[in-house]
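K.L.:
One structure follows; several queries about it will come next.
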């Protein structure tokens, strides 16, 4: 193995471990908190977490083996199953993010009618479409034998070995990425930019009220005035940072891989093998970032995880106290004897 391959293998191992830990934490929070389970977005986050966990335990280990051994890991049947899952899970994850953006758009732009427009039944219908959409492409690819081990990405993924099917495979790949990556990106941009517009409007209203209050309070201490102005500035930046994170991570993680897959279809451009694996690692990094972007950094999930830790520590402290008391009683009995 070259130094580049060692580095890439190490990166995949780190991504795999962090992704597994982070997504398990999200799943634990979902199972522990009844409030999270009651919320409609929790269904989308649960679906996204399921896709991320399955991607972590099925696709990433085989990619690691492909980097190390530079050949197809396992038999053809295993590779076909993993390639099928890769196409399905990637599409499902993208559409789940689009579904979360639609939920936020309805909640912010139509707050009074949110509970009537986004119920559990509506969320279940959206998830049903997500699964149907996601499974249709790998079924077509598998039926046409367009799934296999691709040396450029060291992964079991969409791959056409027959030159006579090149035109059909190019059309299929273009339609697939248009209706998965591009469609999800358009939905993300449309919904979150609408959310940002509403957030900025409310920030302006709050800023006007704040400035009027500061003008009226003549005797207010300068430090208090300074803190109010700083909070006003942070409030304006908060929504922009969150939305930039949602859209930015999606583009940063998926765009290089999708563009590489499309450029690869051209026989004119030569793609470096190391870049193919790097683009694949970037796509895998979305599995790592999703738990933090959509769940663990939110106040409700942080509070739930703190409650879980406190409960574990409290239980261990009670057990240790009980053990200490029991040993103390045994020592007293031994002394009496």
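Using the three backbone atoms N, Cα and C, a Cβ is placed for every residue, glycine included.
When I checked TrEMBL for this same protein, it listed these features:
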- 6-32: transmembrane segment (TRANSMEM)
- 22-294: domain 'G-protein coupled receptors family 1 profile' (DOMAIN)
- 44-69: transmembrane segment (TRANSMEM)
- 123-149: transmembrane segment (TRANSMEM)
- 169-195: transmembrane segment (TRANSMEM)
- 243-259: transmembrane segment (TRANSMEM)
K.L.:
Take the C-beta pairs under 8 A between the transmembrane segment (123-149) and each of 6-32, 44-69, 169-195, 243-259. Which stretch has the highest count?
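P.N.:
Out of the listed stretches, 169-195 contacts the transmembrane segment (123-149) most.
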K.L.:
So what's near the transmembrane segment (169-195) in sequence-distant terms, Cβ-Cβ under 8 Å and 6+ beyond its ends?
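P.N.:
Sequence-distant neighbours of the transmembrane segment (169-195): 87, 90-91, 94-95, 97-98, 101-102, 104-105, 108-109, 133, 137, 140-141, 144, 146, 158, 160, 239, 243, 246-247, 250-251, 254-255, 258, 261-262, 265.
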K.L.:
What else in the chain is close to the transmembrane segment (6-32), if you only count residues 6 or more beyond its ends and a Cβ gap under 8 Å?
P.N.:
42, 45-46, 49, 52-53, 55-57, 60-61, 63-64, 67-68, 274, 277-278, 281, 284-285, 287-288, 290-292, 295-296, 301, 304-305, 307-308
K.L.:
Mean pLDDT for the domain 'G-protein coupled receptors family 1 profile' (22-294), rounded to an integer?
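P.N.:
Summing pLDDT over the domain 'G-protein coupled receptors family 1 profile' (22-294) and dividing by its length gives 87.
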